[in-house]
Amino acid sequence: MRVLYIHAERFSWESREPALDIRDEPGSGAAANALVVFVSVERGDSSDEEFLRRVARDVVETAEKVKATAVVIYPYAHLSNDLARPYVAKEVVNKLYEVVKSEFKGEVYKAPFGYYKAFEVKCLGHPLAELSRSFKPEEARVAKAVEERRDVYLVLTPDGREHDPAAYSPADPDLKALIDKEVFKRELGGGEPRYLDYLRKFGFEWEPMSDVGHMRYGPEATVMMELVEDYAYQVAKSLGIPVFKIRGTNMFKLSEKAIETHARLFGERLYIVESDTDLILRYAACFQQFAMAKDWVISYRNLPFGMLEIADSYRHEQPGETVVLFRLRRFYMPDLHIFTKDLAEAVEVSYKVHEAIFREIGKLGRTYVSLYNVTEEFYKSHRDYLVELARREGKPILVRILPTQKYYWVLNVEYHIVDELGRPREIATFQIDVGNAQRFGIKYVDENNQVKYPVIIHTAIIGSVERYLYAVFDTIAKAEREGKTPRLPTWLAPVQVRIIPVARDNLKFAMEVADKLEEAGIRVDVDDRDETLSKRIRDAETSWVPYVCVVGSKEEETGTLSVRIRGEGQAKMTAEELIKRVREETRGYPTRPLYLPRLLSQRPTRG
């Protein structure tokens, strides 16, 4: 923060026209014998109380030293080339004004933020009449860190007992890994994960012509992404409540109070876009769904209900922390918000969400260890609720108790798998939000015709689209470490069946079989390339195609296919039997068509 002090015999100001979308109400004023405090808020400054009290003490001491009877806080953007974002600067200036007002015995004024202003000043011209200052928040943060109450961690077992993580010896190695990472901040696992090799064959890769942390998705990756998106909607509907699927924008104005406040509560990693106004790229679907829900007329009879969007989401992760398919600056979130009457109903609905989260990861052959982030007040009043969730998990949970409510939630449950390298990796989540309905103006009318604000559950039951696929590939990596053949779930395989004609004469029959399979909703292609049979079979294996059918004259005559089943061996079956088998393996999952030309000869090869 840069500050210029002017001890003025007279000082007056008047707002003329708006300079920013984020601004105070217009105004004017005047003061005599005033210390005028021209303030430029810089990047890195914050509304941290200790920092602002340090600045305020200097303001008050200077005012008393020059015997000023008034102080004027004047937002002034021309003292620095490294200014904070307007929404940050406005908050810092306004809070500085409040702190100075509480500590200075004379009059304290503030010129409006966000305007072109006219001012007149008559400087008194003594040795202390013009002074400059520079303040850095780091010094205040160090002092505050000593005094600030730290988060408390404990292990809560299904029988309701609490344990100190330092003295607790978990039987579950996954829980131990979570405790080591979260409580003791130990670096876990090392080496190159296998899943990175898998991703290249399916077209999941960084986009070098974009910002750090942005991916591109080839045809195989795209069909897998869209299948997971479809499945996320299917899972949301399985909760047994009405779910409204929507679409919206990814940019929101920071000048909107609700957006600005929610962004501050989210914390760091905001993705800001500079335009003719400051815009924030959404970090989940919250902004759009809440902006839409506030315009709905909602009755208690409508609750609970959900809103789902597959939201392109943006988080400004550090460049060295981005990991393909896991930690990204841009990703796709099947973000479900469930609107409930009150906290009691939110608790009841959360049991369904919790059950669905474990059910879905169980379908991949995995389970979660859970971290429960909770405010101290909520833990004291709802401890039995957390014990019940632990009981439903059937194992101990790690609880982090925050002394104050720093975020928009009172409970945030993170569900972690432990990957092939022994590292906890958060996939799914749910949160209970008691403030955003009022912040955005989302209301409902209860049975007594009273206007109420719903309690909102935020959840990504299967995680982001990318993280769900990360869990799939990590599961395959673990299986391969155990000596098993790597294999995608059949419903997710970009190509479910490949037909390889032995000779050119067999191509017509191969296409007829492919037609039959395609009509049954199976993604099928035909390898008609002028390559040897062994190479084409090898390429199908490299591509992890679950079913590879080699058709020659014998198969044409008998109508029986020679099928290589990935990870199992060879079998003879008719096209109808193959269709039945694929349908059994994909029952309950969405389908999509092939996103590639059927004939491999028509496809460009990767460089």
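A Cβ is built for glycine as well, from the same backbone N, Cα and C atoms used for every other residue.
Here the structure is a predicted model, which means the values were calculated and not measured.
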Swiss-Prot Zn(2+) site partner of CYS286, HIS458, selected from HIS214, HIS337, HIS354:
HIS337
What other residues of this chain sit with their CB within 8 A of the center of the CB atoms of CYS286, HIS337, HIS458, the recorded Zn(2+) site?
ALA284, ALA285, GLN289, PHE290, ASP335, LEU336, GLN431, ASP433, ASN436, ILE456, ILE457, THR459
Within its own chain, what residues at least 6 apart in sequence put their Cβ under 8 Å from the Cβ of CYS286 (Zn(2+) binding site), listed in sequence order?
HIS262, ASP335, HIS337, ASN436, HIS458
For the region 'Editing domain' (1-143), jot down how many residues DSSP puts in helix, in strand and in coil.
42 helix, 56 strand, 45 coil
Using all protein chains in view, find how many other C-beta atoms are within 10 Å of the C-beta of HIS337 (Zn(2+) binding site).
24
Over the region 'Catalytic' (193-489), what does the predicted model average in pLDDT?
94
Tell me, by DSSP, whether CYS286 (Zn(2+) binding site) is helix, strand or coil?
helix
Taking DSSP as the reference, which of helix, strand or coil describes HIS458 (Zn(2+) binding site)?
strand
